[in-house]
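K.L.:
Okay, handing you the structure first.
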Amino acid sequence: MAAVSDPLAELWKHLTSSDRSGLLCFYPSKVTMSGIWIGDNPMDFSLPLLLFQIILITSTTRLVALLLAPLRLPRYIAEILAGFLLGPSVLGRAPHFSDLAFPVRSLFILESMSLLGLIYYTFTIGVEIELHTVLRAGHRSFWFAAASALPPFLVGAATGYVAVGTDKTVNRLSFPVFLGATFCATAFSVLARNIAQLKLAGTDVGQLSISASLVNDTFAWGGLTVATALAHVRYGTVPCLWTLGSGFLIVGASCVVVRPMLLRLARRVAEGEVVSELQECSVLVGVMAAALVADAGGTHAIFGAFVFGLAVPNGPVGVAIVEKVEDLVMGTLLPLFFAMSGLRTDTAKITSVPAAVLLMVAALAAATLKVVAAVSVAGVFGMPLHDGISIGLLLNTKGVIELVILNIGRNKGIMSDQSFTVLVFMSALITALVTPLLAMVVKPARRLVFYKRRTIAWPAHPEAPLQVLACVHLPRDVPALLTLVDVASPSERSPVAVQALHLIEFAGRSSALLLINASAPSSSFEHSSAHGAGRSQVELHFKHISHALMAYEEQSAPGSVSARTVAAVSPYATMHDDVTAAAEDRHAALIVLPFHKHRSVDGGLEAFHPAVQPLNTNVQRFSPCTVGVLVDRGLGGGAPGGLTRVAALFFGGRDDREAVALATRMVNNPAIDLTVLRFVQKGGGSSLAEFDALKERKADDACLREFLDRAHGMSVGGGGGAGVEYRERGVFNASEMVAQVREVEALGKDLFVVGKTPGLPGLTAGMADWTECPELGPIGDLLASRDFQTTASVLVLQAYARPGELVAGDASSGGGGGRPPRPDQVRRNSIGSAEQLRRNSIGNNW
């Protein structure tokens, strides 16, 4: 039987031959069609066929992902299954399906497109992996990485040598190395998504898993390079050495030439310069040049793109470039790669059952050894067994990296079609098994965290330490936060322990997960400052926030403030779980949330992110303690002389009592000018039952007495605030109430402290109809609106309510129905005693 010649080779031979007497015909107009109306079939032309294939592959991938969504499996599984469905094992068995949808003549173009997408995807992986992050991961991460990589690599290498005897089509030298690199690899991007979904981003398990996966991926790429070089041994020793040497040359050129150029660009961008279109285009063209050089050198185009990505600093430059290509690559081009892998996965190619069983057993053994090794290392470092199992399972996460290694091995003839099919199947199977096992092992039990102080007002004495969890999105949120902490912690007699929780959105991109390593003790702010141009923008934000809190703690009075910073990386839809879990772990009494709007240049408020408002609402709904939403209009500037002018508005009810409790702590501070304004509704009545109304009135009166007793004690004994004033106003309706608030605001205030749900619903019922931000309540929304025209910041407090307790928002708190004691005229620094409060009546308004 005559050998079938390669038509492309014949064409090239004809074009370069001096003798062109032969006739060679081809149809150049087969790229685009003239239209179906003249009888053209779209499937006969390359461009319509390619567009149809892209639509078919993308739609199938999305459909499979939608069907698998209830199982919470990684997207990698859906992409593998979509390619498998379109391949010869399932739909390919249907008559004429493969000839119609994936004819042989179209596979060259389709594979070229998929490789182009894979080149840019591996480039983004390289950008997301910072070498200094790997190097500073700490000795525990390196031990976990070594323990989870070496045993699987040895199992793969041994299995490869055994498989050589049962499968004569595999390469004797490079196949064991390829198999070892495949078994030890960990998919960083898939692992990052699992960690975010399991809420492990800020835990020790999450940090160690991410760091170890980075080391494992680097090791896998090194194994891939060595195995590719060994594949050229059949051509002689010299080509093998040249292939290996070209790999080292590419790495060296990236470090010596490309990296310094991009670091200079990153420094200019950090100083305020914008990445231009020419610079972005130059980097993207550089990716293709690196891929071309690597492919020409005998390694692989993907290796060149990955090394070039490592040279790009993961700062503003890296973020700008990744955002340019990631959506198109991840959404459209990368599924083509999975489809091509599926088209190569043919169960009919499994002809040697013993060899297939050997590979399957070896893959499972390697996965099991990863878990055993992680448990052993965890035991050495004194970590719980639960953490060791979790890390081992996480490091078994498979993904694109393993599939890339397998495809390269198949394309270069290192492994057979049977080995490729079995290993792709085992990759998907192990990843699918890891997900439910992680859910069982890592999923925490129902939280039963018991602690008493869940409000600012408990216990009665304000000298007790106040545990605060302060959520921060950007460094610009920190000044107002520190001012609020300074207001609430006047001295060592009223200490505050604050933990800043840096909230980072995880929108399906693994680059945000690099910030997890920033909370490790081994990463100092000084180190990041020295290499600031090479750090990610998110990590730099974390460092600035952490440094600001550490500096504030050092400058505060000894024992008055303790501060630390941690990170929470999660999608905004579930980020409230991270906040509430951190508050429970911290035994927090107060959670402070930034408002979803920031101050704009014209003095108004503009939205920062549309998902922040639902996040704040969810935290208020599920919070285990009091929640404060801070509307920042420049809090921290203060009045002349360093005073911070604060006004607390009291309508009665649980939330307003928290506002007065915070004001009680402020009484100690000599840098606070404080006004407490109580509103009483004239002619109003309570909609509560008589017993409940009486209970609420007693609670309101006790709260105010505590404030006035505290203020009087500070006035008599000295050491009180620069100015403390108590006012009481009787109003008939909302208009009179707003006028009184404007009168107080006209005196010049830096901060208003109000409750979310006031205890006088009859006074504020009409305001709910035009409330723009329900999470602020009617009074907070009024003060935050542009119509009120104030420059003061607003802190809206919602008190914690135990299940079954009466919540102030359900009905009136009865603040206006009775006649609680009140002081005579209270002037600055002259507070009436508690006995005077009991003798005076509410009718003496002033």
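Backbone N, Cα and C atoms are what each Cβ position is placed from, and that goes for glycine too.
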K.L.:
According to TrEMBL, which listed range is transmembrane segment: 214-235, 456-477?
P.N.:
214-235
K.L.:
Other than its close neighbours in sequence, what residues sit by the transmembrane segment (328-345), given a CB gap under 8 Å and a spacing of at least six beyond its ends?
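P.N.:
Same-chain contacts beyond the flanks: 53-54, 57-58, 61, 79-80, 82-89, 92, 102, 107, 110-111, 113-118, 120-121, 124, 400, 403, 406-407, 410, 417, 420-421, 424-425.
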K.L.:
Go through the chain and flag residues at least 6 beyond the ends of the transmembrane segment (357-383) whose CB is under 8 A from any CB in it; none is fine as an answer.
P.N.:
140, 143-144, 147-148, 150-152, 155-156, 159, 162-163, 166, 179, 183-184, 204, 389, 391-393, 395-396, 419, 422-423, 426-427, 430
K.L.:
List, by number or range, the same-chain residues at least 6 past the transmembrane segment (389-408) whose CB is under 8 A from its CB atoms?
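P.N.:
Apart from its flanks, the transmembrane segment (389-408) reaches 74, 76, 80, 118, 121-122, 125, 144, 148, 178, 181-182, 185-191, 194-195, 200, 205, 208-209, 212-213, 216-217, 220, 224, 228, 300, 302, 334, 337-338, 340-341, 344, 367, 370-375, 378, 414-415, 420, 423-424, 427-428, 430-431, 434, 437-438, 441-442.
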K.L.:
Taking 50-69, 142-163, 175-193 as candidates, which has the most Cβ pairs under 8 Å with the transmembrane segment (214-235)?
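P.N.:
Per the Cβ count, the answer is 175-193.
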K.L.:
For the transmembrane segment (175-193), give me same-chain residues lying six or more residues beyond its boundaries with a C-beta closer than 8 angstroms to one of its C-beta atoms, as numbers and ranges.
P.N.:
74-76, 125, 128-129, 148-150, 152-161, 163-164, 209-210, 212-214, 216-217, 219-220, 223-224, 226-227, 230, 362-363, 366, 394-402, 405-406, 409, 414-415, 419, 423, 431, 506, 508, 510, 512-513
